[in-house]
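Asker: First the structure, then my questions, so here it is.
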Amino acid sequence: MINMRQSHPLIKMINHSFIDLPAPSNISTWWNFGSLLGVCLMLQIITGLFLAMHYTADTSTAFSSVTHICRDVNYGWLIRYAHANGASVFFIFLYFHIGRGIYYGSYQFKETWNIGVILLFMVMGTAFMGYVLPWGQMSFWGATVITNLLSAIPYMGPTLVEWIWGGFSVDKATLTRFFAFHFILPFIITAMVMIHLLFLHETGSNNPSGLNSDSDKIPFHPYYSIKDILGFMFMLLLLLALVLFSPDLLGDPDNYTPANPLNTPPHIKPEWYFLFAYAILRSIPNKLGGVLALVFSILILMLFPIMHVSKQRSMSFRPFSQCLLWILVANLIILTWIGGQPVEHPFIIIGQLASISYFCIILILMPTSSFMENKMLKW
């Protein structure tokens, strides 16, 4: 008699995705981040659902409802901080996942990669709208500044901004619709993740060598399911350490002040995981130019499959490209630091240089180094 997990229509799908899935025998811990992101997403949906039970999306009560969650709801503080810091952990893993994809040439699975980039945009949008919900000073002013960027769009910009606001400023209508979008988007993201996995399982996983691994596959369970559980333990340890010891480490103190449209904070900045993009936005004096640079700083990821000129897929055996990738990582850390600094003398020029080098490394230096490596190997 055939096994139920191989015959039942629904269980068969799960079986082919997580149990009998043929996986390369040599994939490293860098391949753990996909499943970790899935766990993060589930955690965010669960904690978010419980927060939504107590939160009120109204300008007069939003701030006090968050205070009520932390003070009066059973373990409300835990749920709230797990959700807030869960977002930070989510982005750390997202950036690792993308970095792994660039290093090992996983972007050559074009459909999987492009859906991944769309997912990144959706997660960023969700996180931004979530940051607005507590209705603190940074929530209000962050929403005002970022939504205002759309006014740079020629002809239809100002109308578009008022349409998003639902009025002539960020107010009750804006908060209500942001809550609605913040609630629905994670479910759309979950559906997109399934499509992401569907395309990945069409080709099978890449591996550190970048070579075809069809001749050497092992079942996902028990090998990688056990390996992933180890990753989950580390993730839980990191998240609990953040939540229980320093829950406000990555937050902004200004957000503990209720939103006040009459009082602008001295320095408006987004959450730490958007600072690199914010630095690129600020480095261009022109409004439309800054917005375009901001969008292209993420959209540039879609160009990776087109710009791949190396004869080798992975960077494992390409020292020049490896160096450039780590310079790019250092550059992104500098941009993140600059995004959190005030707009004054040394920081402005550092931000501009880091922004130029970000685009130069990806668009010029990386393809050039790949071309040189080909020549050195007489390919």
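Just so it is clear, glycine is given a Cβ too, placed from its N, Cα and C backbone atoms.
Checked Swiss-Prot, it gives:
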{"type": "TRANSMEM", "residues": "33-53", "note": "transmembrane segment"}
{"type": "TRANSMEM", "residues": "77-98", "note": "transmembrane segment"}
{"type": "BINDING", "residues": "HIS83, HIS182", "note": "heme b b562 binding site"}
{"type": "BINDING", "residues": "HIS97, HIS196", "note": "heme b b566 binding site"}
{"type": "TRANSMEM", "residues": "113-133", "note": "transmembrane segment"}
{"type": "TRANSMEM", "residues": "178-198", "note": "transmembrane segment"}
{"type": "BINDING", "residues": "HIS201", "note": "ubiquinone binding site"}
{"type": "TRANSMEM", "residues": "226-246", "note": "transmembrane segment"}
{"type": "TRANSMEM", "residues": "288-308", "note": "transmembrane segment"}
{"type": "TRANSMEM", "residues": "320-340", "note": "transmembrane segment"}
{"type": "TRANSMEM", "residues": "347-367", "note": "transmembrane segment"}
Asker: Run the contact check on the transmembrane segment (226-246) against the transmembrane segment (113-133): 3 or more C-beta pairs under 8 Å, excluding pairs closer than 6 in sequence.
Answerer: no
Asker: Between the Cα atoms of HIS196 (heme b b566 binding site) and HIS182 (heme b b562 binding site), find the distance and write it as a whole number of Å.
Answerer: 21
Asker: Taking the Cβ of HIS182 (heme b b562 binding site) as centre, how many other Cβ atoms lie within 10 Å?
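Answerer: So the Cβ neighbour count for HIS182 (heme b b562 binding site) comes to 21.
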Asker: Tally every other Cβ atom lying within 10 Å of the Cβ atom of HIS196 (heme b b566 binding site).
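Answerer: HIS196 (heme b b566 binding site) is surrounded by 21 other Cβ atoms within 10 Å.
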Asker: When you scan the chain for residues with a C-beta under 8 Å from the transmembrane segment (320-340), skipping those not six or more beyond its ends, what do you find?
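Answerer: Contacts with the transmembrane segment (320-340): 99, 102-103, 269-270, 272, 274-280, 282, 310, 347, 350-351, 354-355, 357-358, 361-362, 365-366, 369-370, 372-373.
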Asker: Tell me, by DSSP, whether HIS182 (heme b b562 binding site) is helix, strand or coil?
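Answerer: HIS182 (heme b b562 binding site) sits in a helix per DSSP.
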Asker: Rounded to an integer, what is the Cα-Cα distance in Å between HIS83 (heme b b562 binding site) and HIS97 (heme b b566 binding site)?
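Answerer: Cα to Cα, HIS83 (heme b b562 binding site) and HIS97 (heme b b566 binding site) are separated by 20 Å.
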Asker: Rank the binding-site residues HIS83, HIS97, HIS201 by the number of other Cβ atoms within 10 Å of each Cβ, and give the residue at the low end.
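Answerer: Per-residue Cβ counts within 10 Å for the binding-site residues HIS83, HIS97, HIS201 bottom out at HIS201.
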Asker: Count, for each of 77-98, 113-133, 288-308, the Cβ pairs lying under 8 Å from the transmembrane segment (33-53), and report the range with the highest count.
Answerer: 77-98
Asker: Can you give me the Cα-Cα distance between HIS97 (heme b b566 binding site) and HIS201 (ubiquinone binding site) in Å, rounded to a whole number?
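Answerer: That comes out at 17 Å between the alpha carbons.
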Asker: Taking the Cα atoms as reference points, how far is HIS201 (ubiquinone binding site) from HIS182 (heme b b562 binding site) in Å?
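Answerer: Computed Cα spacing between HIS201 (ubiquinone binding site) and HIS182 (heme b b562 binding site) is 29 Å.
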